Structures are given as C-alpha cells and as structure tokens.
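Visitor: Right, I'll just put the structure down here and ask away after.
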Amino acid sequence: MDLNDLKFIEEQLGRKPNDVEIGMFENLWSEHCSYRSTKKLLSMFGKTVKENQNIVVGPGDDAALIKIDDETDLCVAMAMESHNHPSYIDPYNGAATGVGGIVRDIISMNAKPIALLNALRFGDINGEEKDKVRWLVEGVVDGIRDYGNRIGVPNVGGECEFDKSYDYNNLVNVVCIGLVKEGDIVTGKAKETDLTLILVGSTGRDGIGGASFASKDLTSESEGDRPSVQIGDAFTEKCVIDSTLEACATKKVKAIKDLGAAGITSSCSELCYSGGVGAELYLENVILRDEGMTAYEIMVSESQERMLLAVEKGSEEEIIKIFEKYELPVSIIGKTTDTKRFFVKMNDEVVVDLPLDLLCEATLTDSEEKETILETPDNKENIAEPEPAELNNILLKLLKSPNINSKKWIYEQYDHEVQLNTVVRPGKDASVLRLKEAHPKALALVADCNPTYCKLNPYGGSLNLVCESVRNLATVGAKPIGMLDNLNFGNPEKPERFYQIKKCIEGLADGAEIIGVPVVGGNVSLYNETVIDGKDYPINPTPVISIVGTIENINNIPKGAKEGDILIITAPTKDEMGGTEYYKQIHNTEEGIVPKANLEVEKEIYSKVCELVNNGLINEAVDCSKGGLGVAISKLCMTNNIGVELDLGDYNTNGLRNDILLFSESSGRIILSVDKNNADKVVKELNGAIIGTVKGNELKIKLNDNELINLPIEEMKNKYENAFSEMMGENI
C-alpha cells in the first residue's frame, strides 16, 4: 500500500490499522476495485443516461437493468468484466473464472443468464512470441468453452484480434445478459438492519490478492503470481445459478452480492455501504476448504462460486435448505447493523472495526496527461506499391489475415444453441436471441473495438467505435437500448496512457450521447503493461464496447441474399486509410488519418436501415468496417454462398485509386441486398447508391471497363475459413 494512503487512513482512524485491515484497504483501494484513476472521468457517461425512463438499475450495481417490454415488465440485465492478468498467467482458469464471475453478476440481480459474448485480444500470432500466443489462445478458448458449455449459457458471439502490443498482456473481456421481470429484481443494496447474512460456497486460499495483482503492471516475475489466479468449477456454478434463483423466488432475499475481487471484504462492504447499513461478521462460521486459514486470508480470498445473501430474519432455515438441496456449502456468517461500520470477529477476537465510508471511498488520484495523437498525414509515397495492379491476391491475403479471417475455430467449440433461443449465430455482424416471453420481440448483441484507431486518435477512434457497433445492430433491425464499456489500457500513472484513457472515454460518451444510447455499466482494466529489461510494453488503448438492442419483430430480420437481388451501399467511400487492415497487412504501416465519423449522418443511416429491415425490405445487410468494401462484399458472398457482380464506376464519385476504393474503412457504410422491385424505394430512402447485383458463383468487381476482382467464391471461402487453423499450426 502507498505510504501516503496508509498515513491518511491512520489519520482518519486515529490509530494504526492492523494487518487484516491493511489487507482490506489494499484490495478495496486498488485500481481494480476503486477506479481511483478513472472515477472522475467515468462521470462523463452520466449525460447519456439522463431522463431515460427504461433504465431500471443504472451504473453502480453488479449489473444494469433495462426494461424491454411494458406488457410483460421484462427487463434485460447486462454486465461486462475483464479477466486480463489472470488469463495471461493461467489462461485456462483465468478465462473460465472470468465467465463464472460475470454470470454471477447477472444472477445477483435475480436474472436468468441467457447469453455470453467474449472479446479477446492476443499478441502477434505470426511474430516472435507466436508459440506463447498459440498457447494462450488454446488455453483461453478452452476455459471459456468448458465453463460456458457446462453451465448451460450459450456463447453467441464476440471478437478475437491479434496485435504485437498484446504479446505480454492478452485481454479477456466477457459480457453476459439475462432476463428478469421488474417486480422480481433483487439488487446488491441491503437497506434494512438486522438482516441475516448467508454465505454460499466454501472459502480457500485460491485467488488471494487477486484485486491488487490486477492493479499493477506485469513483469518477468509475474509467473510467481499464479496463486492469485482463481480456480473455477463449472458444475458448482450451475448449482449456484439454479439455487440462487430458487432462493430469490421465495421473496425473502433482500440483497445479493457475488463474491469476486477482494472476496468477502468487497461483497459485504459494498452490499452494506450502498444500502446505508453496517455489517457484523463471525469468521469462525465461514466454511473453509483449507485448514488453518487466517482472518486476512478469509477476508480477501477470491474462491469462486460464492454468493452473499442478505435475507429476512426468520427465513434462514428456508433459504439454507434450498442451497443444501443442491449440496452447496452454506452458513450464516453475520448480520446487518445500524452502525455503518464493518465489524468482524473470529473466535471472539475483534479483527476488524472500520467505518464503511472510509473503507469504500478510496481517495482519488489526479494523474497527469500528455497529448498522444499518433495519426499523421497520409504519405502514400512511403508505401512501396502506391497502386498495385493485381488486387485478387491482395483481397485473398486480407481474407486470410488474423483480424479478418473466420473465427469458426473458436466459436464452433462453444455451445451457442443451448436454451434454444439463438436465431442469428456467431460469425455475423450481430447475434440475435428470440424472447419467448415477449414474442415477436428479440434481442441483438454486439461487441466491438478498433484499438489501432484508438492508438492513432483516441477520441476519433472511440467515436468511430460507437458508430460501428450501432451499424452492426442495424443489420438485423435492432434499436440500441444500452451500452457497456470495458476500458483496457496501460499504466495510468504515465501521462501518455492517461491521455488515451481520457480521450477514449470522451469519445465514447459523446458518441453514445449523440447516437442516443445510454452507457449503463462496464469495467476498467488498467496496468495492462509489461516492463522487460527496463522497457515498457503497453497494450494499444482498447475500449471494448458491447451494445444490446431490441428488435420489434423477429420475423423481419434479413433471411439472406438471393439470386437477382440488387446491391446498395449507404454512404460514399473516402480516402481514409490510416489504421486500416489493408495498410497493416499489405504495407506493414499504420500511418495516415483514421476514418472520421459524422455522428448525425450515422444516426440517420442506422435509423433508416432499421426501419427498412423492420418493414421486411432488406434480404441481407453487411457492415463495411475492417477490410472495407472488398472484405464486406466478400463476406456477403461467402455467408450466403452466392456470387456478386459489382460495377463501381458510378459510385466512385471521389475518383479514388482502386485499392483505396476497395479497402478504405470509411464510416457510415452498410451494403444491402434487396429485391429488384424494392431497390428504387430503398435507394431513395437512404440516398444510397446501387453498386451491383447478386449473380452466379464468383465475385466480380469492375470499375467501368476495368476489372478489379474476379474470384470464385469457393476459393475465397477456403482461404477465409481455414486461415485460423493454419495460424494455430494445425494441418488442414
């Protein structure tokens, strides 16, 4: 613990804290738990939630809750977390427990978990660390697969990207959503005194110090922190899910908290402090899985599959019997009080006596910032081949590249069909889940980020990110109702990193406000930075966002492009090549100006595309982002197993070079496939441009009389779908 913090605590207490109390402060005042560096910045998101009548529970609880159907009072619970450091040290258990923790956040609101997403970042899979990267990929995917499949929650989508900035700090961000009726919601606030505190699950030494471990840079000695990584048990988690929801159905449970970072210390203090009450605990009643555990170890253990319940006095036996039926360890460990203090005894010895406001309100840090915008004017003379004559091989190379190729190697290992609600499966721009309780409504989910854009221009890259996510939702006709953010950055004590954090948050907040989607929760993960031989290796700024949207009628989502369809694009392509996959993969550079997003135009485009989809006028829709028009139209062909003929002569009003026309990642573009009879109506509504037709079994692109692309769809699919296995060193 910082000596200034310790001095402040001593002054406030009027005494020196004991070792147990110091351990509690060290964990709760860690960056991971307290957001000391970012709490002031996160207040910028407040403007996005004002006067939104559908937000039932906003930021601050284990999960946000948004009403999605007035007739049934149905609400969607949504939460997002990271498990970055643990997943680098122990990829299997780090990723598995990341899934377990986010699912418990959802059941903490008495919501049934219905879907998972994951956003993964790894190092350069073709670089010097490729063997380590492959090992990490396998471990993380195995952990997510085994845990998610065994608890019966479908993993319906996400993203996976590679960059050398993640060589020493991979990222594992997980999203979970659930459903609950408004009248059945339970929160994490114990607002009454004399409630009985019941702990579900046994406590061991695994994960001790996990919160403080996640709040510092990794070093070459970090392998020694393996004991800080929690160990998960998916079968126990399944029992915890079912039993907790059953206990809540009694209406005797007044508040719940998952035991995550900092264990009992965090869950109990947050549960009581947020409700304005105190807590009195008896540690001898905590069921232990390891002998001889000290009070400190019990208070900060991060053993998995544990829940803390505050229940009505007199209902203890009824609640305990429910958990015993599932053969879960369960015991009464304390009660809520009117003292607003955290009082803990162990075998009649007082081991903790602290004011909750001091424990739960860490002093905030004021970090210095230094402007760090790396984008430069686009100097095409520095590129070896300013205008390549042959584009077929370039398109194939992009389709095979790590950040564009099919991730079926990953998602086909996940059970995305369990619960039988998945309508649009992984591999598309957005995942779609049917709502049996509110048919014909449906939910759509996305998770997105473009770290390269955010490195070059933190503010502009974050604006672009919001727009891309909303366009992805528009492809299935979904209206965005709530946004989560997972802010992954390097060391905030370094001015360049803090500037990136600040500008990315500004960009996300401004983008969300203009588009009209409230930011209802999220997570901050800092210190994703490694020091080796005195040199810093920070990750690229990676503000991953996940947006949930509602679809009014699931029957109108696009069913797929078909022969004879007309292809329409919603916006022009511009000379904006900075940070594009084309520049990175073909020319090994990230220079240039990143694409600029016009938020008002984007809002109009997504609104009109949503309306057209909901009116049943769109057969297929594909967002143009990574890889530009060339990759987007390729995905349309491969997904629908159809050919396309494009003529971009009339569309190329900016007179762009051929490679820029195909691979620029200009914002605002969605490719639509529509019936011939509806084409004029759609073009007029969107002020879009007709660029071609669905025809044959090849992708043919020309510019007036100049043929740019001519490729068989089967050849494209072979490259696109097999590339990931090849990257992992598997023989095809």
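The backbone N, Cα and C atoms fix where each Cβ goes, and this holds for glycine too.
What you are looking at is a predicted structure, and each value in this text was computed from that prediction instead of being measured.
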Visitor: Look at the ATP binding annotation in Swiss-Prot, where Tyr35, Gly522 are given, and name the residue from Asp2, Asp69, Asp70, Asp485 listed for that site too.
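Guide: According to Swiss-Prot, the candidate sharing the ATP site with Tyr35, Gly522 is Asp485.
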Visitor: Just to be sure I read the record right: Ser82, His83, Asn84, His85, Arg104, Gln230, Glu302, Ser303, Gln304 are listed as binding substrate in Swiss-Prot. Which of Ser469, Ser525, Ser546, Ser607 is listed for the same site?
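Guide: Swiss-Prot names Ser525 for this substrate site.
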Visitor: I need the neighbours of the ATP site defined by Tyr35, Asp485, Gly522. Which other residues of that chain put their C-beta within 8 angstroms of the C-beta centroid, in sequence order?
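Guide: Everything else in range on the chain: Thr38, Leu42, Phe45, Leu484, Asn486, Leu487, Gly521, Asn523, Val524.
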Visitor: In three-state terms from DSSP, label Asn84 (substrate binding site) for me.
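Guide: SS state of Asn84 (substrate binding site) = helix.
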Visitor: Just the number: how many Å between the Cα atoms of Asp258 (Mg(2+) 2 binding site) and His83 (active site, proton acceptor)?
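Guide: Pair distance, Cα basis, whole Å: 16 Å.
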Visitor: Checking the binding-site residues Arg104, Gln304, Asp485, Gly522, which are within 10 Å of Glu81 (Mg(2+) 1 binding site) at the Cα level?
Guide: Asp485, Gly522
Visitor: Report the same-chain neighbours of Asn523 (Mg(2+) 1 binding site): residues 6+ apart in sequence with Cβ closer than 8 Å to its Cβ, ordered by sequence.
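Guide: Long-range Cβ contacts: Met80, Glu81, Ser82, Asn173, Asp485, Asn486, Leu487.
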Visitor: Quick check for the class: what is the C-alpha distance, in angstrom and rounded, between Gln304 (substrate binding site) and Asp105 (Mg(2+) 2 binding site)?
Guide: 12
